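> Straight from TrEMBL, here's the annotation block:
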type: DOMAIN; residues: 11-86; note: domain 'Cytochrome b5 heme-binding'
type: TRANSMEM; residues: 116-136; note: transmembrane segment
type: TRANSMEM; residues: 142-161; note: transmembrane segment
type: TRANSMEM; residues: 181-198; note: transmembrane segment
type: TRANSMEM; residues: 260-280; note: transmembrane segment
type: TRANSMEM; residues: 292-312; note: transmembrane segment
Amino acid sequence: MDDMKASTDKYKYITTAELRQHNTPADLWISIQGKVYDVTQWLQHHPGGDLPLLSLAGQDVTDAFVAYHPPAAWSMLDRFCVAHLSDFHVSDVSREYRRLVADFSKGGLFHRKGHSASASLLLMAVLLATIVYGVLYTQSPAAHAACAMLMGIVWIQSGFLGHDSGHYNVMAQRCPGLNRAMQVLAGNCVTGISIGWWKRNHNVHHIACNSLDYDPDLQHIPLFAVSSKFFKSLTSVYYERRMVFDKFARFFVSYQHWSFYPVMCVARVNLFAQSIALLLSKTHVPNRWQEVLGVAFFWVWYPLLVSCLPSWGERVAFVLISFAVTGIQHVQFCLNHFSTEVYVGPPKGNDWFEKQTMGTLNISCPPWMDWFHGGLQFQVEHHLFPRLPRCNLRLISPLVKELCKKHRLPYSSYSFLEANKRTIATLRTAALQARDLANPVPKNLVWEAVNTHG
């Protein structure tokens, strides 16, 4: 009798309102395709980290689950099932989005990876060999400066490869361990940036795209504020602290449209600091020893290489030039989101498609320039289908654009130059508001940014 009662209770029906009550780390439920799952015990074992689950706790997360998990993941869900939703509903746009995911899966697009990983590895190896030769066996300052530029290119390509390997297996499908080795090599060893930190940060960014208090990729106080809403000293859920907008922040933000590019030239320092901070913290980091050894390896070979230059002037120049070239990639990251729509509050699982399209911006470019953008030029497609290899993003772009048009959702795409102009305009608008907080906050900051002159 007890077994029969337990079985009945397991499949009880609850409402969406009741589901929302289970939204804490000690009591975390989610819903997928009408079934309710208690993932409290799974929280610390979730491969994507605990923060994505916490951000969507107590909600229907079907679209996010479909976007991030291969079909094989569905077989793991039954052991967590505790109930069904009595008021389960699927919007038209979600239904069509899920159909696209299924079509891409049947067409093999999630497994058709091209040769971008192999090409990137070969390019990086050739460039690194050239850099080492140039530093050790030439005496020309110009040659050393050229090597510094090549180092920046290596880091950019390594960043693209690390980004891809964090979303899907870039190596042979039967060798998941090789993909992990690729992550540590491309991230920790070559660039000095912890792939563990990046995955923790980036997964939250995807889930909470452009939420000012949940998305860490928009939280740059005291240096930058893409919205005047930051002037209210919002609390960062990711960093677990208030982003205080004091007189120092007001000063820096007031000139952010001028400081943006110079800061991007040294933005790598922030990634170094955040990687080290995470690895030294008490936060759970999978395979921490691999992460630490990889970052430590970088801080051995890179300073050693720089020390081989003949003078302190050339050493400083080498570091600054390599950082500045990599700044191009940091600018690319910002272009995709800074001038798009933002909001305050937690992400919602039932408007996944809408939030991803409203918070992202594509960079229009010809196919022969895809190498320069590393897949980031199709940011809308990437956010909707993060498991899709970058070589297929251009292929599906017309389908995504058509779906956005059908449901009257934005599909923003601008040239690299125009995207830079929009980003600077957004920063300038917020900067002017920071100088005079007595002015009312505009209802639509993006519109205000685009229409600000002078």
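For all residues, glycine too, the Cβ spot is worked out from N, Cα and C.
A TrEMBL annotation is a machine prediction, not a hand-curated record.
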> Would you kindly list the residues that approach the transmembrane segment (181-198) from elsewhere in its chain, counting only those six or more residues past its ends and only Cβ-Cβ distances under 8 Å?
117, 124, 154-155, 158-159, 161-163, 165-166, 170-171, 271-272, 274-276, 278-279, 285-288, 290-291, 293-295, 297-299, 302
> Which one of these stretches, 116-136, 260-280, 292-312, has the most C-beta pairs shorter than 8 Å to the transmembrane segment (142-161)?
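By Cβ pairs under 8 Å, 116-136 leads among 116-136, 260-280, 292-312.
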> When you scan the chain for residues with a C-beta under 8 Å from the transmembrane segment (116-136), skipping those not six or more beyond its ends, what do you find?
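143-144, 146-147, 150-151, 153-154, 157-158, 160-161, 164-165, 170-171, 182, 190, 305, 308-309, 318, 389-391.
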> Looking at the domain 'Cytochrome b5 heme-binding' (11-86) alone, can you tell me the average pLDDT?
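Summarising the domain 'Cytochrome b5 heme-binding' (11-86) by its mean pLDDT gives 92.
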> How about long-range neighbours of the transmembrane segment (292-312): same chain, 6 or more residues beyond its ends, C-beta under 8 Å?
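Non-local partners: 131-132, 135-136, 139, 144, 184-185, 187-195, 275-276, 279, 318-319.
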> For the domain 'Cytochrome b5 heme-binding' (11-86), how many residues does DSSP put in helix, in strand and in coil?
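Grouping H, G, I as helix and E, B as strand yields 30 helix, 21 strand, 25 coil.
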